[in-house]
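> I'd like to ask some things about the structure below.
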Amino acid sequence: MDLFMPEIIILITALLVIITDLFLTKSKRHLAYLSLLGLGAAAVATVLNWDSPPELAFGGMWALDGYASFFRILFISLSGLVIMASVDYVNKFRRFQGEYYALVLLALLGMIMMASTTNLITMYLSLELAGLAFYVLVGFLKDQHSSESALKYLLLGGVASAMLVFGLVLIYGFSGETNLGSILNYIQTLPSGMDITAHTGFILGIILTITGLGFKVAAVPFQFWAPDVYQGSPTPITLYLSIASKAAGFALFLRLFYTVFTDPLALSQEWALIVAVLATAGMTLGNVLAIPQKNIKRMLGYSSIAHAGYILVALAAVGNSPELADGRISLLFYLVAFAVSDLVAFVSIIAISRSTGSDEIPSYEGLAKTNPVYASALTLALLSLTGFPPLAGFLAKYYIFSAAVQADLLWLMIVAAVNTVISAVFYFNVIRVMWLRQPREEVRVLASWPLKLALGISGLAVLIFGIIPETLLNLIEKATELIIH
């Protein structure tokens, strides 16, 4: 039970937030502090169990290993920073702040479960727990754009969930097992003369599973929801979807495909080719469609699709050469680098848009002259997302490119490099508007100390992970070595 203490603490904190909300009539800012206190306790519980030997729990449904612990810390940290960035923004909700923070915590619980699951049934349940919380959070503004985004996300999410379930059912029908380890054992004990890649139902199950998970990470061609949902959602939730939800989807993606579908190699290379094609489409489409955007949240929505493509490059490297650790390490490092870079960008946008009243890129004209701190922070984030040294985004792309080359995917590395150049067009357009244009009016950006602290922490992380990444790389290497099934 001690090993599940972080999840228990998060669940109790969500309940306490809802109960406390009933007794607060004026300022509800304390709900954010209560949520942060619970997240701090969950983080401490995770660290205390960090060196515990890996084990399976609840009949092999959950893995308590280094991989799960790494994502626990990552998701808890990201959720804490999102809550800090929400303190000012949630004044728009007034009566529903308790529900807002509780749903953020429940989404966190679902994402932690996604990284820990080793069973097809709990995999689906954890996905839906996080998904249901996000469906509500997306529509929290209750205006036309927010409601439209929530409905679109709900309907397309339902279709994706149906495809995922169908895929998991086909995998179960082939193996007769729901536990990932048992499915792997079944595949390994098949007659030596049997070509598993010729089993149409099983391959279809893998394709449908990729489809369902592809929706969760906004990978092409399952990305249709992302730009509209990102634009219409409350900005902190756009941030949460962009970083934490995407990371959770890839955490599940890697555990499932690395632990089950990398043996035999022919099967591994089969799905790796599919992933490589999706990566190519995602990088190209996301970057090209981001160029003409005038709304910065929508632009970052297309950018997020492109970054999902970069992460799929690492996943393709895992599939093509599963014996190499570089693919797994580069995938996790990219998730962290993208998360902290996107955090800086969106936290800056929350502060700026609250003062200007607009998310349109032209409203950022001359921002460097009126608010140099926030302009510098947003510039830092955009440079990191582009892949400029010595920032975290540069090393992340370097590791991705290196993993692709070592996995004999040179063509995919070239595609990724070309797309990196294309992405500079729209990132530098925003930088140009902020630094080279004259301000339309004198607007001072005001923000609370929690938002400033979130901006400072994430900005510092972008610099530290780019200049001295050794500690993070060591944690990631240990986490990927301890994936059990």
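Positions of Cβ are set from backbone N, Cα and C atoms, glycine also.
The transmembrane segment annotation in Swiss-Prot covers 3-23, 30-50, 67-87, 96-116, 120-140, 154-174, 202-222, 247-267, 271-291, 299-319, 375-395, 453-473 (among others), and the record cites sequence analysis as its basis.
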> Report, as numbers and ranges, which residues of the same chain sit near the transmembrane segment (30-50): CB under 8 Å and 6 or more residues beyond its ends.
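Sequence-distant neighbours of the transmembrane segment (30-50): 2-3, 5-7, 9-10, 12-14, 16-17, 20-21, 24, 64, 66, 69, 72-73, 76-77, 79-80, 83-84, 86-87, 90, 97-98, 101, 104-105, 108, 450.
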> Under 8 Å between C-beta atoms and at least six residues away from its ends: which parts of the chain pack against the transmembrane segment (271-291)?
206-207, 210, 214, 219-221, 223, 227, 257, 261, 299, 302-310, 312-313, 315-320, 409, 412, 415-416, 419, 422-423, 425-426, 429
> Where else in the chain does the transmembrane segment (202-222) make close Cβ contacts, counting only residues six or more beyond its ends and a cut-off under 8 Å?
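The answer is 127, 131, 156-157, 159-161, 163-171, 173-174, 196, 245-246, 248-250, 252-253, 256, 261, 270-271, 274-275, 278-279, 281-282, 285-286, 304-305, 308-309, 311-312.
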> Taking the transmembrane segment (3-23) as reference, which of 67-87, 96-116, 120-140, 299-319 has the most Cβ pairs under 8 angstroms?
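Stretch with the highest Cβ contact count: 96-116.
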> Can you find at least 3 Cβ pairs under 8 Å between the transmembrane segment (120-140) and the transmembrane segment (67-87), where each pair is 6 or more residues apart in sequence?
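They are not in contact.
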> Should anything in the same chain at least six residues away from the transmembrane segment (96-116) have a Cβ under 8 Å from its Cβ atoms, list it; otherwise answer none.
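Those are 6-7, 10-11, 13-15, 17-18, 20-22, 24, 28, 31-32, 34-35, 38-39, 62-64, 67-68, 71-72, 75-76, 79, 82-83, 86, 90, 122-123, 125-131, 133-134, 136-137, 140, 240, 244-245, 247-249, 251-252, 255, in sequence order.
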> Please indicate, using numbers and ranges, the residues of the same chain that are 6 or more beyond the transmembrane segment (299-319) and have a C-beta under 8 Å from a C-beta there.
217-220, 223, 226-231, 238, 242, 246, 250, 253-254, 257-258, 261-262, 268-269, 271-273, 275-276, 278-287, 289-290, 293, 326-328, 330-331, 334-335, 338, 342, 345-346, 361, 385, 397, 399-400, 403-404, 406-407, 409, 412-413, 416, 419, 423, 426-427, 430
> Using a cut-off of under 8 Å between C-beta atoms, tell me which stretch among 67-87, 247-267, 453-473 contacts the transmembrane segment (375-395) the most.
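Between the candidates 67-87, 247-267, 453-473, the best contact partner of the transmembrane segment (375-395) is 453-473.
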> For the transmembrane segment (453-473), give me same-chain residues lying six or more residues beyond its boundaries with a C-beta closer than 8 angstroms to one of its C-beta atoms, as numbers and ranges.
81-82, 84-85, 329, 333, 336-337, 340-341, 343-344, 347-348, 351, 377, 380-381, 384, 389-395, 447
> In the same chain, who gets a Cβ under 8 Å from the transmembrane segment (67-87) while lying at least 6 residues past its ends?
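Sequence-remote neighbours of the transmembrane segment (67-87) are 6, 10, 29, 32, 35-36, 39-40, 42-43, 46-47, 49-50, 100-101, 104-105, 107-108, 111-112, 115-116, 236, 239-240, 243-244, 247-248, 251, 255, 332, 335-336, 339, 343, 346-347, 350, 448, 450-451, 453-455, 457-458, 475-476, 479-480, 482-484.
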